[in-house]
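K.L.:
From Swiss-Prot, for reference:
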- Cys26-Cys122: disulfide bond (DISULFID)
- Cys76-Cys128: disulfide bond (DISULFID)
- Asn130: N-linked glycosylation site (CARBOHYD)
- 1-18: signal peptide (SIGNAL)
Amino acid sequence: MPSSALLYCLIFLAGVAASIKSENSCIHFPTSLPHMLRELRAAFGPVKSFFQTKDQMGDLLLTGSLLEDFKGYLGCQALSEMIQFYLEDVMPKAESDGEDIKEHVNSLGEKLKTLRLRLRRCHQFLPCENKSKAVEEVKSAFSKLQERGVYKAMGEFDIFINYIEAYMTMKMRKN
């Protein structure tokens, strides 16, 4: 019996340590965010001109209304939905443009997943439930563009990074 009590005690302490570590990583998140955004921009760099050259459309997919949602009360949900949109709808299609492109898009996706994970761990940055109308408009326009939508969305990925930065800067000022 004493050995099982010791085991339970160790498990409990490990959980407490993990919780403290998670909280500490949130304390440092605001200082690590610029580095994470630089990594996203650097990962996008090798494919940026490829996708922007393929995007022959003049209108933006990521409009000012999306940025306003990022800055408004729907910011959390807009950010969460847009990360999911890029990871599930855009990037899998973008990977079909050749092995070299696939490698870079995959790397970009991994960095975006890491950002999403860090945001979810630090609930003050991503505590949301509501739907964003602007994100729905982006998704609808993307669908209407069919295969051209991938070039449009990937070509504007740098705008998406800027919107993430605007949202996170606003959230850090409030906290």
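Note that the numbers count up from 1, one per residue, in the order the chain is shown.
Positions of Cβ are set from backbone N, Cα and C atoms, glycine also.
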K.L.:
Look at each of the disulfide-bonded residues, Cys26, Cys76, Cys122, and point out the one with the fewest other Cβ atoms around it within 10 Å.
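P.N.:
Sparsest of the disulfide-bonded residues Cys26, Cys76, Cys122 by Cβ contacts within 10 Å: Cys26.
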K.L.:
Provide, as an integer number of angstrom, the distance between the C-alpha atoms of Cys76 (disulfide bond) and Cys26 (disulfide bond).
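P.N.:
That separation, Cα to Cα, works out to 16 Å.
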